[in-house]
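Feature annotations, reproduced from TrEMBL:
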DOMAIN    75-216  domain 'Amino acid permease/ SLC12A'
DOMAIN    229-595  domain 'Amino acid permease/ SLC12A'
DOMAIN    604-741  domain 'SLC12A transporter C-terminal'
DOMAIN    750-953  domain 'SLC12A transporter C-terminal'
TRANSMEM  70-91  transmembrane segment
TRANSMEM  103-128  transmembrane segment
TRANSMEM  149-181  transmembrane segment
TRANSMEM  187-205  transmembrane segment
TRANSMEM  288-306  transmembrane segment
TRANSMEM  326-346  transmembrane segment
TRANSMEM  402-422  transmembrane segment
TRANSMEM  455-472  transmembrane segment
TRANSMEM  479-501  transmembrane segment
TRANSMEM  521-549  transmembrane segment
Amino acid sequence: MSHEPALIGIRIPGPLPSTSGRYTMYYFLYYFQEVEGGNTNTDPGACEISATDAGSEEAQGSEEKAPARFGWVVGVMVRCMLNIWGVILFLRLSWITSQAGILLTWLIILISVTVTSVTALSISAIATNGRVISGGAYFMISRTLGPEIGGPIGVVFSFANALACALNTVGFAEVFGVVMVDSINDVRIVGVITVTVLLLISLAGMEWESKVILSLNNFSSFLISLFVFFSQTQILFFLVLLVSLSNYFVGTFIPPSIEKQAQGIFGYRTEIFLENLTPNWRGNEANFFQMFAIFFPSAIGILSGANISGDLKDPATAIPKGTLMAIFWTTISYLMISVTVASCVVRDASGNMTDILTGNLTDGCVGLGCKMGWNFTDCIQQKNCEYGLANNSKVLGQVSGFYYLITAGVFAASLSSALGFLVSAPKVFQCLCKDNLYPYIGFFAKGYGKNDEPLRAYVLCYIIAVAFILIAELNTIAALISNFFLCSYSLINFSCFHASITNSPGWRPSFHYYSKWTALFGAVISVVLMFLFTWWAALITFCIIFFLFGYINYNKPKVNWGSSVQAGTYNMALSYSVSLTGVEDHVKNFRPQCLVLTGPPNQRPALVDFVGSFTKHISLMICGDIIMEPERQTRPQDATDQLVKWMNKRKVRSFYTPFTAESLRTGARYLMQASGLGKLKPNTLVLGFKSNWRESSPESIEDYINTIYDTFDANFCLCILRMMDGLDISDQFDCEGLMTDDVSDNSNSDQIKTVFQNTQGKKSIDVYWIADDGGLTLLVPYLITRRKHWRNCKIRVFIVGDELNMDEGRNEMMALLKRFRLHFSDVIVMTDSEKRPQAKNMTRFVDSVAPFRLHDEQQTGVTDQELRQREPWKISDKEFEAFKQKSERKVRLNEIIRRNSQHTALVLVSLPVPHSDCPSALYMAWLDTLTCGLHCPAVLIRGNQQNVLTFYCQ
């Protein structure tokens, strides 16, 4: 049976796993593990690898073995130790010990261990609360704390990895030892050449890996060989470092030769140990925290295991066990190397074998070397010693048994770490770019080849690394890296703390041996150390983070990762809502909390915008959509989601509540009873004016008016908005399009601009305060003028009065408004409101109700009570005459409104209280008459007689 070389449609979930480890070969274990393990998990950033089917019955029918995964030793401990044993150990630990002394060096190491151990526990918890697929620390923080924090730290962490590549490359260049120009430029030249070669190796390695995979016939064999190869490569580098360190410790016991003694190496001596026990700061900026900042990059390797948690046999055990064991053994090695080298080597030596003392002549001899038979006085006094702990970064190699084994260790540590960081930085940045949180970086998200390699991000990382390699100062780069990685550690710990404190049911890490308080301690101490190390760099870092945080917080990217921030927001909302239930209402805290019967909100945008203009950032708004039974059958399943998206896109701060009912009245009554939570319950019902009432069925008019009755019975306030062109825009567009197609992320076609979104300039808002309703009629226009578009509008108040007391009434009203601290510009007394209306206007009113009249000759043999039960909307002659005076007042008030408010921005009129014996058609005609003939929005408004304004302090 022949086997065709092919790939079997591999689904890669997102970008390749990032790591600060040595090689990228292990990435393929993840992909084949996904295929062979039957994992069908998909990720938004996933990419497809298409291929032909193998077409083999034998291949299809046989069960392939699951790929071997990493254990805690090779997968975590070895990987972390390889990154922790880096250039700082070989090139700066001895120098730091000479500056800080043994005691303070141990303190630096132990504080670093405390930070990394606490962070390791937090990493273990986060990494075992779901699979970490890609992106390392960025993925963990962003999926735990959300995009607002994850986005900034993704930028910082990517940058930090690029700097780590530069650090290890500069460390390699220092040891390379080729003299071309001078010490600084030699490091620059060698560093740039080295990182360029590493970039080419990375790119060539990817091409080779792709060709190898495409040419393989048997996946399982490849996986086994790949695992063995990678494991052996890791172990090979690990053994090189072990041999190098063993070589150093053996060298400390070998009696030093004359040449080594001239370099300040004398073997274990009590005098040297005591001399190096205390600090000896040299240089203007040498201090404890400066040494700490230079040392801390040695602790940046603890994320290596967590970055590949998906490839571990048992992440819940492997990550904490491997990481903590790596921290333990590397800490022992750092402590032992610092104390042994400080017990064997003096701080200053000339390296000149002629400086040996003959006899006991020590007069004028300066330094500890005098007791060892060496006179280093000249170089000490002239401060030009080239050897000793304080002057030579290659002391470990000189102390060791064989110098070039230490050099091999430095090469292994620096080059492999540089290569690992050069690979991980683009991977992390590609993961960030694919999340599409920031503009203009999508260019770097593009991947190439079968493995979706981020070649553009590689070039960007290379440019950043070269820029910092040109600094050619290992100490400067190390201090900057400390700042960025401490920031990452702080956010990792805070992620763990925040996820724990919110008590989210989704926070269920497999690793249980962590504490939210130790995580908080780790977060705080990391921030404190950032500012103690390099305050200006910490300040710049936080400024960048706050800027990036503000950008995401403002733009609200359309991602949902189930973050702890969401859980925390829910907890806070629930806690505050419950606490409010025990607080009694007070007039000073009154807010118009509105239930708005909008129907589908995108079909009545003016109604939504009107209520939003005085509730946004102030009070509650609920858009109620009463769905009749026939509409429910044809309503799209995703209609609710689409309408919520529409409101979010319009930046409307409102809830949307659909409710199925038989009629408007039934739905409104249930919504008024059931909507809201605790004190967050509506107290005001907002309706659109029924402009087609003349053409509507009498039953619908009765239903509309009964809804108004129920509103007052429920002790609700009431607002009715009338737009001269109508509220419903569904006739102008395809109704189904409004519900589905037009509600898109990138189009504004569904966002109809209304008058409430326009700047009104210096127009006026006219308030016709006919009756005292508790103050809602005065409060709403004041709240509207607090909005940007209405800020320059002037509010005029019209009140009813007589000519004799006009001035007195006006002054009293002005004084009252002033005491209420309502900035109204003018008060106008209507002295002619009791006059009879013009005949033509009264005739128009009579004509409007004519279809609903029931004349005496038509009701022969029928009592008024029977008529009311059978046709409650009908207006008998008796009823028409009984309410004639009220009808004339409505017509007259409309004449006054049209005369005074033709060019205003908004008109608010006190809503007449409905009478139980008033026919619904007559009351509807009153509402129509009050607001007809205007060219601006008109609002009929009525409070529930409860005071909403006060001029008292308590």
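Don't overthink the numbers, they just go from 1 along the chain as shown.
Each residue, glycine too, has its Cβ placed from N, Cα and C.
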Cβ under 8 Å to the transmembrane segment (402-422), counting only same-chain residues 6 or more beyond its ends: which ones?
19-23, 82-83, 85-87, 89-91, 161-162, 164-165, 168-169, 171-172, 175, 194-195, 198-199, 201-202, 237, 240-241, 243-245, 247-248, 251, 301, 394, 396, 458, 461-462, 465
Rounded mean pLDDT for the residues that make up the domain 'SLC12A transporter C-terminal' (604-741):
86
Residue list, the transmembrane segment (103-128) vs rest of chain: Cβ under 8 Å, 6 or more residues beyond ends.
93, 96-97, 140, 144, 277-279, 288, 291-292, 295-296, 298-299, 302-303, 306, 309, 315-316, 319-320, 323-324, 327, 331, 334-335, 338-339, 342, 486, 489, 492-493, 495-497, 499-500, 509-511, 513-515, 518-519, 521-522, 525-526, 529
If you count every Cβ pair below 8 Å, which range out of 75-216, 229-595, 750-953 shares the most with the domain 'SLC12A transporter C-terminal' (604-741)?
750-953
Using Cβ atoms and a strict cutoff of less than 8 Å, what residues sit near the transmembrane segment (521-549) while being 6 or more residues removed from its termini?
111, 114-115, 118-119, 122, 148-149, 151-153, 155-156, 289-290, 292-293, 296, 438, 479-480, 482-484, 486-487, 489-491, 493-494, 497
Taking contact to mean 3 or more CB pairs closer than 8 A (sequence separation of 6 or more), are the transmembrane segment (288-306) and the transmembrane segment (455-472) in contact?
no
Intrachain neighbours beyond the transmembrane segment (149-181), with Cβ under 8 angstroms and 6 or more residues off its ends:
20, 86-88, 90-91, 135-138, 141-143, 187-191, 194-195, 198, 297, 300, 393-394, 407, 410-411, 413-415, 417-418, 421-422, 424-426, 428-429, 431-432, 435, 437-438, 461, 464-469, 471-474, 477-478, 480-481, 484-485, 487-488, 491, 495, 541, 544-546, 548-549, 552, 561, 563, 565
Do the transmembrane segment (326-346) and the transmembrane segment (479-501) share at least 3 Cβ pairs under 8 Å, sequence separation 6 or more?
no
Could you give the residue numbers and ranges of same-chain residues that sit at least 6 residues beyond the transmembrane segment (187-205) on either side and whose C-beta is under 8 angstroms from one of its C-beta atoms?
24, 165-166, 169-170, 172-174, 176, 178, 180-181, 415, 418-419, 422-423, 455, 458, 462, 465-466, 469-470, 472
Using DSSP, break the domain 'SLC12A transporter C-terminal' (604-741) down into helix, strand and coil residues and give each count.
60 helix, 26 strand, 52 coil
Within-chain partners of the transmembrane segment (70-91) [C-beta distance under 8 Å, separation at least 6 from its ends]:
19-22, 26, 29, 167-168, 170-172, 174-175, 231, 234-235, 237-238, 241, 245, 294-295, 297-302, 304-305, 308, 311-314, 317-319, 321-323, 325-327, 329-330, 333-334, 337, 393-394, 396-397, 406, 409-410, 413-414, 416-417, 420, 474, 478
